[in-house]
Amino acid sequence: MADMQDGVTQRSGCDWIDELIRKSREAKQFAYCPYSKFPVGAALLTLDGKVFTGCNMENACSTLGICAERNAISTAISNGHRKFKAIAIASDSAEFISPCGGCRQVMREFGADWDVYLTKPDGSYRKMSVKETLPVSFGPDDLKN
């Protein structure tokens with residue numbers, strides 16, 4: 001059973017959530033972040049149970065870097081996946097790490113109702129939906145109006 005206080009779960013008790021968080025922490029180890037020194041890892045779970053990981057990759061021209069979340073999503077897309085169940089995001093920060101606005105919009109492209117796990121190094125996490133991370137969002141359906 002999970003230990004929950006103020007929307008923060010200390011232990012999930014759910015194997016797939018624990019595994020997703022573990023893989024996001026592993027992915028963080030491959031981050032290329034010589035400028036910010038802020039490694040980030042992400043693990044993305046597809047609806048059919050496959051996991052794709054990503055890490056942040058900085059560039060001397062800062063606008064050419066890519067976040068871990070978009071890296072994981074791009075890898076999943078390039079492998080034919082378009083439907084996601086959850087993403088876990090890990091860093092070394094003592095605070096919960098949250099996706100940047102660009103990553104939130106990219107996540108929203110693939111639905112508003114899948115889960116986002118904001119984690120800390122101690123394994124605790126805060127679960128949110130994509131919709132909660134990007135309220136009043138603009139998505140593919142809005143282009144039909």
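Heads up, the Cβ atoms here are built off N, Cα and C, so glycines get one too.
What TrEMBL says about a protein is an automatic prediction, not a curated fact.
Per TrEMBL, domain 'CMP/dCMP-type deaminase' is recorded for 15-141.
Per TrEMBL, the feature Zn(2+) binding site maps to Cys67, Cys100, Cys103. Under a cutoff of 8 A between CB atoms, and with a sequence separation of 6+ in the same chain, the neighbours of Cys100 (Zn(2+) binding site) are Cys67.
The active site, proton donor annotation in TrEMBL covers Glu69.
Put plainly, the binding-site residues Cys67, Cys103 were compared by Cβ crowding within 10 Å, and the winner is Cys103. The DSSP breakdown of the domain 'CMP/dCMP-type deaminase' (15-141) into helical (H, G, I), extended (E, B) and coil residues amounts to 43 helix, 33 strand, 51 coil. One way to see the shell of the Zn(2+) site is to take the Cβ centroid of Cys67, Cys100, Cys103; the remaining same-chain residues with a Cβ within 8 Å of it are Ala68, Glu69, Arg70, Pro99, Gly101, Gly102, Arg104, Val106.
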